[in-house]
């Protein structure tokens, strides 16, 4: 898995013909954050920020996942979404 493949996938996901389902978007978001930042390094958003909490929780579930594993899962998911939604 190369950084270039990961960056290409990050650009391609922005060009999908249809917006992926919320669960798919959470997968993409959380794996991108784990690959680029690592483990969660912020406080969990407040109780009124439902979207923020969902994103934080999805990212936090990946705690301990290596950058390489997160990048691979991200690229694989983007490839799946490209087949499903088109680009």
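Including glycine, each Cβ sits where the backbone N, Cα and C put it.
Annotation comment: Swiss-Prot describes 2 as N-acetylserine. If you look up Swiss-Prot, you'll see 2-87 marked as domain 'ACB', on the strength of sequence analysis. Annotated N6-succinyllysine per Swiss-Prot: 8, 17, 55, 77, in sequence order. Residues annotated as N6-acetyllysine in Swiss-Prot, with similarity to another entry given as evidence: 8, 19, 51, 77 (among others). The acyl-CoA binding site annotation in Swiss-Prot covers 14, 29, 30, 31, 32, 33, 51, 55, 74 and rests on similarity to another entry. Per Swiss-Prot, phosphotyrosine is recorded for 29. The N6-malonyllysine feature in Swiss-Prot is assigned to 55; the stated evidence is similarity to another entry. If you look up Swiss-Prot, you'll see 55 marked as N6-(2-hydroxyisobutyryl)lysine.
Mapped onto this structure are the features recorded in Swiss-Prot.
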| residue | record | DSSP (3 states) |
| --- | --- | --- |
| 2 | N-acetylserine | coil |
| 8 | N6-succinyllysine | helix |
| 14 | acyl-CoA binding site | helix |
| 19 | N6-acetyllysine | coil |
| 29 | phosphotyrosine | helix |
| 55 | N6-succinyllysine | helix |
| 74 | acyl-CoA binding site | helix |
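Neighbour counts were taken at the CB atom with a 10 A radius for the binding-site residues 14, 51; the maximum falls on 51.
Cα-Cα distance from residue 8 (N6-succinyllysine) to residue 74 (acyl-CoA binding site): 11 Å (rounded to the nearest whole number). Listed in sequence order, 10, 70, 74 are the same-chain residues six or more apart from residue 32 (acyl-CoA binding site) with CB atoms under 8 A from its CB.
Across the structure, residue 30 (acyl-CoA binding site) and residue 2 (N-acetylserine) are spaced 19 Å apart at their Cα atoms.
The maximal spread of the acyl-CoA binding site, taken as the longest Cα to Cα distance among 14, 29, 30, 31, 32, 33, 51, 55, 74, is 20 Å.
With respect to Cβ neighbours within 10 Å, the recorded positions 2, 30 differ, and 2 shows the lowest count. When the modified residues 8, 17, 19 are scored by other C-beta atoms within 10 Å, 8 scores highest. Within 10 Å of its Cβ, the residue among the recorded positions 29, 74 with the fewest other Cβ atoms is 29.
Take the Cα of residue 51 (acyl-CoA binding site) and measure to each of the modified residues 2, 17, 19, 29, 77: the nearest one is 29. Each residue contributes its Cα atom, and for residue 77 (N6-acetyllysine) and residue 29 (phosphotyrosine) those atoms are 11 Å apart.
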